[in-house]
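I have placed the structure first, in the form of structure tokens, so that the comments after it can refer back to it.
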Amino acid sequence: MAPPSPREHQSAPATGATKPDAEMVLPGFPDADSFVKFALGSVVAVTKASGGLPQVGDEYDFYRSFPAFQAFCETQGDRLLQCMSRVMQYHGCRSNIKDRSKVTELEDKFDLLVDTNDVILERVGILLDEASGVNKHQQPVLPAGLQVPKTIVSSWNRKAGEYGKKAKAETFRLLHAKNILRPQLRFREKIDNSNTPFLPKIFVKPNARKPLPQALSKERRERPQDRPEDLDVPPALADFIHQQRAQQVEQDVFAHPYQYELDHFTPPPSVLQRPQPQLYRPVEETPCHVVSSLDELVELNEKLLGCQEFAVDLEHHSYRSFLGLTCLMQISTRTEDFIVDTLELRSDMYILNESLTDPAIVKVFHGADSDIEWLQKDFGLYVVNMFDTHQAARLLNLARHSLDHLLRLYCGVESNKQYQLADWRIRPLPEEMLNYARDDTHYLLYIYDRMRLELWERGNDQPVQLQVVWQRSRDICLKKFVKPIFTDESYLELYRKQKKHLNSQQLTAFQLLFAWRDKTARREDESYGYVLPNHMMLKIAEELPKEPQGIIACCNPVPPLVRQQINEMHLLIQQAREMPLLKSETAAGVKKSGPLPSAERLENDLFGPHDCSHAPPDNYPVTSTDGTMPLQKQPSLFDEGKEETSVDARCLLATAVITLFSEPSTEEAGKTPLTVAQKKAQSIMESFENPFRMFLPSLENKAHISQAAKFDPSSKIYEISNRWKLASQVQKEPKEAAKKKVAEQTAAREETKEESTAAVLEQPIPVRQQAALENATKKRERATSDLRTIEQKQEKKRLKSSKKAKDPDPPGKDFSPYDYSQSDFGAFAGDSKSKPSSQFDPNKVAPSGKKCFGAKKFKQSVGNKSMSFPAGKSDRGFRHNWPKR
């Protein structure tokens, strides 16, 4: 029953002449058809052999009772499982089919077998499609030279064959020295990580057009500040003097030391002309010097003072320091390259201020936004007359603005970014890292020449574009380093970025952990990412573990400082768990942004978001010049009026109001004359005709139109134009007369009031007379009101009497009372023999077994209608029915 071997199949006479092994598709088979036939025969033979085994049931149990059969089955089963595992492993599937527990052994093995079959059959289908031409290999659309390079997300990514230059893959690794001696320990000056604003380190100001403030001088820093308490002055005056001095010192200290020089800087005329690009020297022919001593640094400064331009770049490290460390400075001239060890010369780097602040020397940077701040933070260095190639690339609208792209575009050099994430604190530096740092500035001056030429040509042979780049570079030089300041609400900024909602306990834990991380990072001089990364801190705040082991479980890998101070963190978590569990509204309360104003239609020509002339003047308080305190419009000693509530300035009324066509009030019409625009508007309003009052007969002249005139067009026009008038025209005269009368009355009242007030002012009246006058006026008003009410009542009585006189009562008829003796009262008695109602009555009392003979028998009909209604059908409409039992 064993299947034939490939050798037997090959030696069979049916195969014919055999081909060489090199031409065979598979070893021992000349073509695919022969292999398929052989495999199919093997599968059929195996299927027949498996069918000859004892079936599951009594027969199999009987054979299983023999030890030889049991051992044979186990041996062959293991062999089959091993073969199946090899096939699974070959196709990349899970191959641990033998390592299964006894409980779910059969189900797990069957699931693995099904998954493997699916993978194999899917792969077979793909290969068959490719062989038949349905699915072909997809070739890249772009040529090799235009392929987008792979982005290096982190140091362990692989970069294979970039731009077809390197066929062999290169592995990028983060060169981080774990056991390196911290360079902060060798610094002469201790790093200031305190929670205070940054104090500039400069104490000598070369190339100064405005002297350095005395507060920044070295003598002033070394000597203690003289307090006014030492003087013979009162304590209050001493505090005032100290506040004034501190305010002036604060303004001088936190200002940019070269603010005046940069504001009055103009590029030299030589750099605003058409440049002649000077080609860079080959790297092999250019000398490279490593500056690591004070004498070499002084010599470098002298060489830089004799140059017209030089390129500068920095290498920074921020993972093992709170504020970061500038580890290396690369400087390149037209003929030499210099690499300055800034960790060794940290306290002496101020010497380079003489060349960096010289306005006659051009300093070429690329992306100097961070470099300017690092120079200020670590060395107290400032830059004047800088050209940033990154800003030039943005102005030229290049495809990319990186230095790598500029090197490829202008120099044809492929930069090696293998050491981009290296730890630059390593000493001594390897040769590869030195070459990498050198390449960043070696070609930068040639790129500077080429970009200036393109800017000159783009500006039509005018230095307009060049001046824009120098202006942007000057703005970058004006940047100041700002130290991160911790406040009680600093955690909210990070909390809003996470887009996760935390309750009161979780938010308290997040706040406490954020404060602990900031304090630990400042004390240990480590970065936030080294002490406790953001995602780990948020995970701990969400979980609120009860045990220290839970905190460690939330961190993978566990930061060293977390493992070292796990007990302190556990106490913070316990403190947060003691808080009441509420919904957090802290983050929402901090954002005090009011509701957005309603969007105004842009097609409105009169809309202006900053036009508040139409708003009433009393809506908003008048603010002071500095915008801090609202000013009172009419100051008074005793203000009895209501306090004006301050309205938020964001509630700006932006709706245009046209008051030209509004009718003036009767009181204002007599006072102020109409303007020319208002007169024109009034004439326009009078010319408008009301369509609801047109073609009405006149109220005064009730003309009769003949029926014959309707058919005559001339007479019809005549009748309409002469005898029919608008009702509005008839009503114009009485309205105008009424307005004039009201205006005259108001004017007369005001005149009498003015005369009375003038008389009172001229002749002062005593208090008793004033009270008597007030009582007299009140009595007059009451009397007049009583007379009016009496007259109104009398008029009503007259009207009633007149109506009665006009409508006499009709003659009365003979009245005959109704005879109730003939009526039938049976409708109100009810039917005593009525059947019990089929409807359920909730008021009915269930009959009890005992009978009360002494009481009177009173049977109330259940379900009958009320006695006040007849027995017939009611016309009330819907009737509520009780539910049936």
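From the backbone N, Cα and C atoms, a Cβ is placed for every residue, glycine too.
Taken straight from Swiss-Prot:
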COMPBIAS  1-10  compositional bias 'Basic and acidic residues'
REGION    1-23  region 'Disordered'
CROSSLNK  K19  SUMO2 cross-link
REGION    210-232  region 'Disordered'
COMPBIAS  217-230  compositional bias 'Basic and acidic residues'
DOMAIN    289-455  domain '3'-5' exonuclease'
BINDING   D313, D371  Mg(2+) 1 binding site
BINDING   D313, E315, D440  Mg(2+) 2 binding site
DOMAIN    503-583  domain 'HRDC'
CROSSLNK  K583  SUMO2 cross-link
CROSSLNK  K583  SUMO1 cross-link
CROSSLNK  K710  SUMO2 cross-link
REGION    730-885  region 'Disordered'
COMPBIAS  732-756  compositional bias 'Basic and acidic residues'
COMPBIAS  776-794  compositional bias 'Basic and acidic residues'
MOD_RES   S821  phosphoserine
CROSSLNK  K833  SUMO2 cross-link
CROSSLNK  K859  SUMO2 cross-link
CROSSLNK  K873  SUMO2 cross-link
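Around the Cβ of D371 (Mg(2+) 1 binding site), a 10 Å sphere holds 22 further Cβ atoms from the protein chains shown. When secondary structure is read from DSSP and collapsed to three states, S821 (phosphoserine) falls in the coil class. Helix first, then strand, then coil: DSSP counts for the domain 'HRDC' (503-583) stand at 58 helix, 2 strand, 21 coil. In terms of Cα distance, the recorded positions that sit within 10 Å of D440 (Mg(2+) 2 binding site) are D313, chosen from D313, D371, S821.
Secondary structure of the compositional bias 'Basic and acidic residues' (732-756) per DSSP (helix as H, G, I; strand as E, B; remaining residues coil): 25 helix, 0 strand, 0 coil. Counting only same-chain residues six or more apart in sequence, the Cβ atoms lying under 8 angstroms from the Cβ of E315 (Mg(2+) 2 binding site) belong to T326, C327, L328, M329, Q330, W424, A437. Mean pLDDT, taken over the domain '3'-5' exonuclease' (289-455), works out to 94 on the 0 to 100 scale. In three-state terms derived from DSSP, D371 (Mg(2+) 1 binding site) belongs to a helical segment. Between the alpha carbons (Cα) of S821 (phosphoserine) and D371 (Mg(2+) 1 binding site) lies a span of roughly 122 Å.
Other residues of the chain with a Cβ within 8 Å of the Cβ centroid of D313, E315, D440, the Mg(2+) 2 site, are L314, L328, M329, Q330, A437, T441. Secondary structure at D440 (Mg(2+) 2 binding site), taken from DSSP and collapsed to helix, strand or coil, is helix. With a 10 A radius on its CB, D440 (Mg(2+) 2 binding site) counts 20 other CB atoms from all the protein chains. Looking at D313, S821, the recorded positions in this record, the fewest other C-beta atoms within 10 angstroms of the C-beta turn up around S821.
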